[in-house]
Amino acid sequence: MSQLSSTLKRYTESARFTDAPFTKSSYGTYTPSSYGTNLAASFLEKEKFGFKPSPPTSYLTRPRTYGPPSILDYDRGRPLLRPDVIGGGKRAESQTRGTERPSGSGLSGGSGFSYGVTTSSVSYLPVSARDQGVTLTQKKSNSQSDLARDFSSLQTSDSYRLDSGNLGRSPMLARTRKELCALQGLYQAASRSEYLADYLENYGRKASAPQVPTPTPPSRAPEVLSPTYRPSGRYSLWEKGKGQALVSSRSSSPGRDTMNSKSAQGLAGLRNLGNTCFMNSILQCLSNTRELRDYCLQRLYLRDLSHSSRAHTALMEEFAKLIQTIWTSSPNDVVSPSEFKTQIQRYAPRFVGYNQQDAQEFLRFLLDGLHNEVNRVIARPKSNTENLDHLPDDEKGRQMWRKYLEREDSRIGDLFVGQLKSSLTCTDCGYCSTVFDPFWDLSLPITKRGYPEVTLMDCMRLFTKEDVLDGDEKPTCCRCRARKRCIKKFSIQRFPKILVLHLKRFSESRIRTSKLTAFVNFPLRDLDLREFASENTNHAVYNLYAVSNHSGTTMGGHYTAYCRSPVTGEWHTFNDSSVSPMSSSQVRTSDAYLLFYELASPPSRM
């Protein structure tokens, strides 16, 4: 006997009907309209009302809208048609809606509306399942990502056996040979999944009473796991192969599915959810950031979350689950980051929808959100206006850094935050005013004309060169107490462990925005930035490990990533779901937009 989820049955049910109306969402993604103009035509026509799968450009199971109640889902609160579920008895001829449960906010990533069963309505569940209080969930899309989630949450009461007797007696399975072949092929493809096989092994292949697994007692302290840990997150995986076979969501225990170190190389691709290449590019760069990767794989972030009294920790948790899934998947897997996107757009509503965004802005919002959730400072002290101008610049910089850490202290900041020194010197009296500010990245200007090729050091020198502030840009001198002509200069007071350099390729003017396509030659190793330090230091040499590229124009383009594995040291191209090896000589291109450098180990003292 073979066991088959009613999810497959619902999938083939909806595949028959192709006349469901479509609407254009406010975010540019076509989604199936659950309520067409002919919804109230006939109550007997409910069986003929199906849902189309989502188009290829969107892999979310339903249009997600996050924000004020005024822009929430237009279908919120409406009852959905209940699916037919075959199970131990003849299907009732009449259909009635159950009592509607209050729908969630949608921010949790759910994709369906649950409905209970009223005492007066006819139940479509088997008697055993009805006694257990099983509820049904109607999906708004029967796409492959829906099936992936449904396979990972199968219940024995929501399944039935496919045999010759049921084929002859059940009107819902009396399909044409073509439809039955399609159903059988889909089931066979799903049966090859190790996750569905584990389910059948745990719950048995016969229609027996459900076995309740013994709950695992909670551990006293967060367990520090090796980088080969397989997460228990719900990220859908897609295997490359014949017809892109469906693989179930990962929801397994660490001990059973631990992979060896050879297969855990972080070479899984990320599915494009619809103009989300900017997000995928940054996520792959961060996934290959050695210390951030270890922070997620070893679950060290749980210690910082446990010390935090904040209610919002979902972004860090989903980010860590995504990194864990990438690094515990085989190189042929493709991970869908839809759950992570749900949380980042909840933190930063500007990323709601599927418009193309800037990768640097996304990186800033993401790092800021992660930093806020794992900030070790529970209660920030009140800011004071202590005057430190009487101190030498080096001491003033250390005091300003100490004050910054009193308010902002996290593992994310330990990696990415540096300190920038800016000085203003009055040309009349010679008074020099210094300010120390933290930075997460440095935006470097590019020479616009006359130089078809520039070097990264040229960009750094252009960023730190003295700039004369005159005319309308004159600042007020504290000693002269008047607006005076001044000279501004930047230098780096404190170098971060991870230095992100942003090449300012997009130039804005009053008329239009243009893109600078000049080739910037940057070193892959031994980037020496000591000449830009505000004080003497011997620890300012960096090695490149990731590049976020932008190809195209300001009107439209595409983001990819070149990353060097922290395990093997080999370079790979990450183009959404496609991952391929590359040579280090191919890393330098005119599409380089964000450069990720790692501080080299200090030279050993003999």
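Placement of Cβ uses the backbone N, Cα and C atoms for every residue, glycine included.
According to Swiss-Prot, the feature active site, nucleophile maps to CYS277, an assignment based on sequence analysis. DSSP classifies CYS277 (active site, nucleophile) as helix under the three-state reduction.
Under the heading active site, proton acceptor, Swiss-Prot lists HIS558, citing sequence analysis as support. Counting only same-chain residues six or more apart in sequence, the Cβ atoms lying under 8 angstroms from the Cβ of HIS558 (active site, proton acceptor) belong to CYS277, HIS550, SER551, GLY552.
The Zn(2+) binding site annotation in Swiss-Prot covers CYS426, CYS429, CYS477, CYS480, and the record cites similarity to another entry as its basis. When secondary structure is read from DSSP and collapsed to three states, CYS429 (Zn(2+) binding site) falls in the coil class. Counted within 10 Å of its Cβ, the other Cβ atoms near CYS429 (Zn(2+) binding site) come to 12, all protein chains included.
Per Swiss-Prot, the feature compositional bias 'Basic and acidic residues' maps to 90-100.
Mean predicted confidence for the region 'Necessary for interaction with MDM4' (1-201): the pLDDT average there is 40. What Swiss-Prot records for 1-201 (among others) is region 'Necessary for interaction with MDM4', and it gives similarity to another entry as the kind of evidence.
Under the heading region 'Disordered', Swiss-Prot lists 53-112 (among others).
The region 'Disordered' annotation in Swiss-Prot covers 207-228 (among others).
Broken down by DSSP into helix, strand and coil, the region 'Necessary for interaction with MDM4' (404-504) contains 20 helix, 45 strand, 36 coil. What Swiss-Prot records for 404-504 (among others) is region 'Necessary for interaction with MDM4', and it gives similarity to another entry as the kind of evidence.
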Exercise. Check each residue in the chain of CYS426 (Zn(2+) binding site) that is at least six apart in sequence and keep those whose C-beta is under 8 Å from its C-beta; list them in sequence order.
Key: CYS432, CYS477, ARG479, CYS480, LYS484, ARG485, CYS486
Self-check item: DSSP three-state assignment for HIS558 (active site, proton acceptor)
Solution: strand
Self-check item: Sparsest Cβ surroundings (other CB atoms within 10 Å) among the recorded positions CYS277, CYS477, CYS480
Solution: CYS480
